[in-house]
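Notes follow the structure.
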Amino acid sequence: MIKIVKNSYIQFILLGLALLTLPFIAEMGVIRNSTVTVIGTTIIYTIAALGLNVLLGFSGLISLGTAGFMGLAAYISAYVTETMNLPFEVAVLAAIIIPTFLGILVGILSLKFEGIYLGIATLVVAEILREIFINVTEFTGGASGALASRPELLGFFKLDRIQTYYLIVIVMVIIFMLIHNLTKGHMGRALNAMRGSEAAAQAMGINIFKYRLIAFGIATILASVSGVLYVHYVGLSYPTTWNLMLSLDFLAIIVVGGFRSIFGTFIGAFILFAMSELFLKPIPALANIAPLVKGILIIIFILYYPNGLANIKNQVSHWWQRRKGKKDEYGQTKEKKKKLTRAEVRENDTA
Amino acid sequence: MANFIGVFLRSLEYGSFYALSALSIILVYKTSYTTNFAQATLGMFNTFLVATLVVRQGWSLYAAIPIGILSAIVLGILIDVIIIRRATKAGAVGKQIITLGLISVFLGLAPIIFGVDNLSLPRLISAGTLSIFGNPFSYNALFNIFFGLLIMITMFTTIQKTKIGLAIRTTASNETTARIMGVPTKTVTMAAWAMAIVLSLISGLMTAPYSSVSLTFMNDVQITAFLATVVGGFATFHGPVIAAYGISILLNVFQVYMPEGTVWGKPILYAVLLLIMYFKPYGIFGKQRVKKV
């Protein structure tokens, strides 16, 4: 039984099932309907942040353009379904392919830049996209925004608010599984090696060009999926939504949740987005401190807790092992030493 | 031709804003090895302080500016002592993320302290225009041009000719060696942060009368300044400043002479500069850093 629960895929499905029950709980009156909407939006942000986590966590490449790509996908999807009246599936394809193509172009640009220049380059790309959102009014609706209705699957199955929420949860579980699969395999190891030292990775036969493009591709695909879900769930897209602050939110989610951790990304999104929406915003005195708290959390986590909240489980189990080791007088020393070296390896790995 | 001289002078004025911000970015980069994304937000914060004193408390602008400069220096010292100095373990990207965290902190603090309304700041020189080849030019604009150039010249002479400048240059080239040679690198880094935030404030004070003091009013200046730093190269102090003036001229030319330039001039220039970044990744004035395994 414990073995089954330890399987990551089962964990993802269990998390999905737990989230799927929320609308029922809301119907029973335990939580408010608006809470479900907030959690749906949080899941959408989790998806975009997970893409950035693959890019930043695994391969160490920073991007400040996540919000731009997410916005582009949102506008394309809204335009294809509302103005061109094409099916939702076509919109999804278009809204993923076009931004991903652009994202891979940025990836090609990134080959020339070192880490520190890349942030600026992606920031500039996001600025260009934002100018387009503001100025190409026939495509984006300009400052008054673009409208989108809820998705209609296969041309006849029109989803309502709660069904769209189910769709979002299912997409999240599928993406979690895919990313888990990808990062535990050859690709994950290659990206990890690249983060450590590009020259060394290259010497071991890793094609940096290929894996940088793949990392940028995944990040943009996930940002696009998240943008599509956003515009069809929230129903609106304004140019002001897709600014640097949103990209910073994704960054904060990863830093607080933990680099390279899928559950960490989810927890981070919950703490930074859902918590402030559900607990800080309703209290007038605290409504304005959300960005302040976010900034302080980012700085504290980078300085003192660079592995993020996802590392808490390991630390607790370590502490527990050490306590147990102290109680036994003999026979545990070997075990203790082994644990210690593993901890050191992990520390070296993340440093 | 007369029109072009007007465009050129306006470019020089905006170039001052960009160059001050670019110099602020490069100072921090050279001493702390991070790109300070919070440059605009810190400039905004201190400009908001000056604007609040002027608009809400009825102070004179010239009395409020010293308070703003003092606040900028104190903020610079605090940021360096409390945060940057402790971030030795964080890598280059980690430090960048810290400055992004600073953006969030000060964007959160500003509305709590100064309120949510946009304020309008008066010009440094309130009245008077001069006609240059038929182009009306305010004394304020001319002051901005000359004051910007004056600061640049002072900074470069300080960096190149004085003992303090030597300390900055050695810290920039290799911090460990500089410390061994007895350069107080911690003080140098602290002073660089304080100076950088003061430069951001000056840039903010010059920019503010052309728009209004809002939470994001300096973001455009910062993005152009960042582009200038990258195009000019992080290797030298003068590269980014020259690039800042150059970009300002290009931007104005694009906006004035291109069809629909007011709308598309900026994004097209950004795209062109990205291409330059691709072909000259270490900047026009920069040189490649040798990477070792």
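Glycine residues also receive a Cβ, built from the backbone N, Cα and C atoms like all the rest.
These come from TrEMBL:
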type     : residues  : note
TRANSMEM : B:12-29   : transmembrane segment
TRANSMEM : B:36-55   : transmembrane segment
TRANSMEM : B:61-84   : transmembrane segment
TRANSMEM : B:96-116  : transmembrane segment
TRANSMEM : B:136-159 : transmembrane segment
TRANSMEM : B:188-211 : transmembrane segment
TRANSMEM : B:223-247 : transmembrane segment
TRANSMEM : B:268-285 : transmembrane segment
Non-local residues, at least 6 beyond the ends, that sit with Cβ under 8 Å of the transmembrane segment (B:223-247):
11-12, 15, 18-19, 21-26, 29-30, 35, 39, 152, 155-156, 159, 269-270, 273, 276-277, 280, 282-287
For the transmembrane segment (B:188-211) and the transmembrane segment (B:12-29), check the count of CB pairs under 8 Å (sequence separation 6 or more) and say whether it reaches 3 or more.
yes
Highest-contact recorded stretch vs the transmembrane segment (B:96-116), from B:12-29, B:36-55, B:268-285, CB pairs under 8 Å:
B:36-55
Under an 8 Å Cβ to Cβ limit, what residues of the same chain, 6 or more beyond the ends of the transmembrane segment (B:12-29), are close to it?
35-36, 39-40, 43, 141, 144-145, 147-149, 151-152, 155, 168, 192-193, 195-197, 199-200, 202-203, 206-207, 218, 221-222, 224-226, 228-229, 232, 234, 237, 240-241, 243-245, 247-249, 251-252
